[in-house]
Amino acid sequence: MTEPLRIAVTQLPHGQGLPLPAYQTEHAAGLDLLAAVPEDKPLAIAPGERALVPTGLAIALPAGYEAQVRPRSGLAVKHGVTVLNAPGTIDADYRGEIGVPLINHGRETFIIRRGERIAQMVVAPVVQIAFEPVAELPMSARGAGGFGSTGR
């Protein structure tokens, strides 16, 4: 296994005491993000409602990397709760708190307690591009076939 990429992290005051994000298995792609809501004030998300859940973390990604905030499959399948703008992108030059916009598509109010795993974060390399205007694009086997053009 290669040496892990080192990423600077700051725990904000309301995130103090929570463990840092961690991989749950040896080959996991995403680290679990935890809710940094007050111990005595769980956050309730009613059906059809959304909330920005604080993590109490700020990170400094190295240039050439991004972090994506993605839903946790268990929350989506069991409760209908997912990340609203999935995947959310954290750019390398962002230094603010990581917030997770969750939406409740379920039928019951979903309660988020301090330290609950609410999303996963995947760090990946980024390639920046430069557009090159051309009169015509090269042909491909697919051509301009859009949604559903390769099957169901």
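Placed from the backbone N, Cα and C atoms, the Cβ positions cover glycine too.
Taken from Swiss-Prot, the feature substrate binding site covers R72, S73, G74, N85, T89, I90, D91, and the record attributes it to sequence analysis.
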Please report the three-state DSSP label of T89 (substrate binding site). strand
So, in DSSP terms, is R72 (substrate binding site) helix, strand, or coil? coil
If you count the other CB atoms within 10 A of the CB of S73 (substrate binding site), including all protein chains displayed, you should get 10
Around T89 (substrate binding site), how many other CB atoms lie within 10 A of its CB? 11
Using only the residues recorded as binding substrate (R72, S73, G74, N85, T89, I90, D91), report the maximum Cα-Cα distance in Å, whole number please. 26
Other C-beta atoms that fall within 10 angstroms of the C-beta of D91 (substrate binding site): 11
Taking the Cβ of each of the binding-site residues and counting other Cβ atoms inside 10 Å, which one has the highest number: R72, G74, N85? R72
Which number gives the other C-beta atoms within 10 angstroms of the C-beta of I90 (substrate binding site), all protein chains shown included? 19
